[in-house]
């Protein structure tokens, strides 16, 4: 279907596929593993969304503003539809789309030009292509912090243990106290015995290179959600590494993904848990804003300790074990036993996860937004005049919300986010202010990466055109406080702020985007919660940090020494958020932007 609007002309596919929201029951591809090997030579070496594939293509073949050749990629003029006022693009009422928050794309058509591959090893790539691809990936690799810097970071007072990832291209002072994956895996954090990596998008060759040389042959378990062809590709990537094993997360509900991002690191000295927001690919650790919660080093319990030993006041240990048990995989039993053998009592955060399923009765409150509701009711303080305390949600992708706010966002989801204290009365209307932070087209255009940064913001035209009402809640991305205004966010955060934005009642960093697939949706008259995806995050509540006032202060500058680090939470972006102006538009990945060049002088034509 041809569409025409202020951005130019584009095609909306009638197949209703977007990078975020794709059917899980894809047909098996007829392409062989040999084809997969060739495909990796011309595109990303890992399975990823359609939006990220386009970003990879545009980086490899940029289109300059004065490049006339791009016209072949843009469809000819079509039948013009009536524009929605202020939307900036034409809309269609067709194309129903499932509300998954991240998805796998179908394999692109392979280029005809292929190198000769030895018949006896169909997975081998041409050496030149392999070296070229590694060089492309390694250009993103950061040098880990100097040993002294890492040591200082581990020893300095950081009661929240909340970090951002390093960003190449910003002032060095804003990377002070930030972490690269090589820092996390550094010997200074512990002498690694084995590790488990839970993630969505994984480049195995790159991941292995992030481990120090002395740890690269230690046992590594990769927990993923790939199926069929994409699973075969993932296993093929790992063929050179005898130390790598896999655990496939069951995804029995359509459109679900394994979106959790967690590391379990077993050391000679103990155990560490890392819950974060980055895919295990080079570009996610390069010039994006990402969040990390780094646990303390958990010591091993004395032999003969009781089953409840080593539990924290936040029940983190039992909740983590329950989360791992939800995979129902014998492969994870070893890690469950290891967690049981360690002392996690120093943990001050609450674990908040989602696992696929349909839950009734008390099980409804184990996962998703009903789990957040339960935690806030039990452990958050009641807020005076709470109706005036806004909700802030910040995310990198958006699912289908329905025809209006009453369908999910301003009903069951908002009810969970405004919960506080045992005596809370519910309010089902959007009378609590809601500020949703999602990058504008100009945020992406002016970012460090330029338009290709939009590959990790896969909000599609098919979804956007059905929920224009949602865009009135949108606010720009701005992060002067952390020096990351031009580092497009892949972090996801939610919080409840005071009206003056100087205090927050709680703060959540998570893998969960704004979607029903991630958070769950009530069914059967509210008696059942259905969740499609695996997600994981940690919730910061003032009571767990010994603050009896019921709130954290917001740290004015993330690097400010004038704020007490035990009472001032380092919110990584600017508050209050600035609402979209009349000319601002949310980033939509699958339409072209040819009116103005990005920071690299390029345009965005996704076809």
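A Cβ is built for glycine as well, from the same backbone N, Cα and C atoms used for every other residue.
Noted in TrEMBL for the protein shown:
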- 259: active site, nucleophile (ACT_SITE)
- 490: active site, proton donor/acceptor (ACT_SITE)
- 261, 492: substrate binding site (BINDING)
- 80-93: compositional bias 'Polar residues' (COMPBIAS)
- 1-114: region 'Disordered' (REGION)
Neighbour-count leader, CB within 10 A, recorded positions: 259, 261, 490, 492: 259
Distance, residue 261 (substrate binding site) to residue 490 (active site, proton donor/acceptor) (CA atoms, angstrom): 12
Distance [Cα-Cα, Å, rounded] between residue 259 (active site, nucleophile) and residue 492 (substrate binding site): 12
